[in-house]
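Colleague: Sending over a structure as structure tokens; questions will come in a sec.
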Amino acid sequence: MAEKTTSTRYAVVTGGNKGIGYETCRQLASKGVVVVLTSRDEKKGIEAIERLKEESNFTDEHILFHQLDIMDPASISSLVNLIKTKFGRLDILINNAGISGVMVEGDVQVLKEILERYISIVFTEDENGEEGGWTKSGPGSVTNYELTKECIETNYYGAKRMTEAFIPLLQLSNSPRIVNVASSMGKLKLLCNKWAIEVLRDADSLTEEKVDQVVNEFLKDFTEKSTESKGWPSYFTAYKVSKASLIAYTRVLATKYPNFRINSVCPGYCKTDVNANTGSLTAGEGAESLVNLALLPNDGPSGLFFYRKEVTFF
């Protein structure tokens, strides 16, 4: 393993076995960062490490694997102990792991066509407070409470658990960085619920507890089958709520830890499992955005939401 020095940087990437996470691991390691690639599926994680070593001539000096379930505190604790023992600190935490909260039903091609139409609206700068004219769930995907809960637990609470667990090790770094992978689908204009929008928009009074309150209220409304009457978005609902909450949480963190550089980012509409590989960008192109924020200088921005490499509105 690489010698522990003040110049060597150590990174943890969640969901690193495929897609944007995989390419982020590759790019960071190529820049001299020692990377811990994590995934819930141990077999897939080990296979990913072997592919990276073969494709990029990496060794254990550059990259290693550790199994991680971000919904399991014991699993997170095991990773914290590994990082503490091997490196003594952490410099970069990239919360990349995420799921869509829906399940494909029927013809995947139908879902792809729906996503392409919908995303063309989502990825515009038209802040009109509407859901692009989308009023009902389209064909091609279904959701239920289990999928919705898992989406929130993974995309929001998973990132939150990881952050809280690694703050002590990040505080030992001279250049601590946290990158939360969000989405333009988490923009407030698509959240629709006016109360939630007002809570998350008020950056001056925003707290972690208020973000949690929005998430819990959404889950309560979903359980009571009142999301439509309460004005929550009708499509990819849990995904939007989870990503909006993550962007808001990033703001709270940046205020709480002013010596850190903490940002959220939409890597663009990339070909990934989450969108049935309908994206227009490659995973590698998406990963560039994450790496850019992970390697910010100490006087770089913090608490912002980026679309790829540019600051965008929330």
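Glycine residues also receive a Cβ, built from the backbone N, Cα and C atoms like all the rest.
Quick caveat, the model's predicted, so the values are computed rather than measured.
According to Swiss-Prot, the NADP(+) binding site annotation covers 13-36, on the basis of similarity to another entry. As annotated by Swiss-Prot, substrate binding site applies to Ser183, with the evidence given as similarity to another entry. The active site, proton acceptor annotation in Swiss-Prot covers Tyr239.
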Colleague: To the nearest whole angstrom, state the Cα distance for the pair Lys31 (NADP(+) binding site) and Ser183 (substrate binding site).
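Modeller: Lys31 (NADP(+) binding site) to Ser183 (substrate binding site), Cα-Cα distance: 25 Å.
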Colleague: Of all the binding-site residues given, namely Gly16, Tyr22, Cys25, Val34, Ser183, which is spatially nearest to the residue listed as 'active site, proton acceptor' at the Cα level?
Modeller: Ser183
Colleague: Which one of the binding-site residues (Cys25, Val34) has its C-beta surrounded by the most other C-beta atoms within 10 angstroms?
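Modeller: Max Cβ neighbours within 10 Å, all protein chains included: Cys25.
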Colleague: To which of the binding-site residues Gly16, Gly19 does the lowest count of other Cβ atoms within 10 Å belong?
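Modeller: Lowest Cβ count within 10 Å among the binding-site residues (Gly16, Gly19) is Gly19.
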Colleague: Return only the integer: C-alpha distance in Å from Tyr22 (NADP(+) binding site) to Ser183 (substrate binding site).
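Modeller: Between the Cα atoms of Tyr22 (NADP(+) binding site) and Ser183 (substrate binding site), the distance comes to 18 Å.
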Colleague: Please classify the secondary structure at Val34 (NADP(+) binding site) using three-state DSSP.
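Modeller: Looking at the DSSP assignment, Val34 (NADP(+) binding site) belongs to a strand.
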Colleague: Rounded to the nearest angstrom, how far is the Cα of Gly19 (NADP(+) binding site) from the Cα of Ser183 (substrate binding site)?
Modeller: 15
Colleague: Just going by other Cβ atoms within 10 Å, which of the binding-site residues Val13, Leu28 has the emptiest spot?
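Modeller: Leu28, out of the binding-site residues Val13, Leu28, has the fewest neighbouring Cβ atoms within 10 Å.
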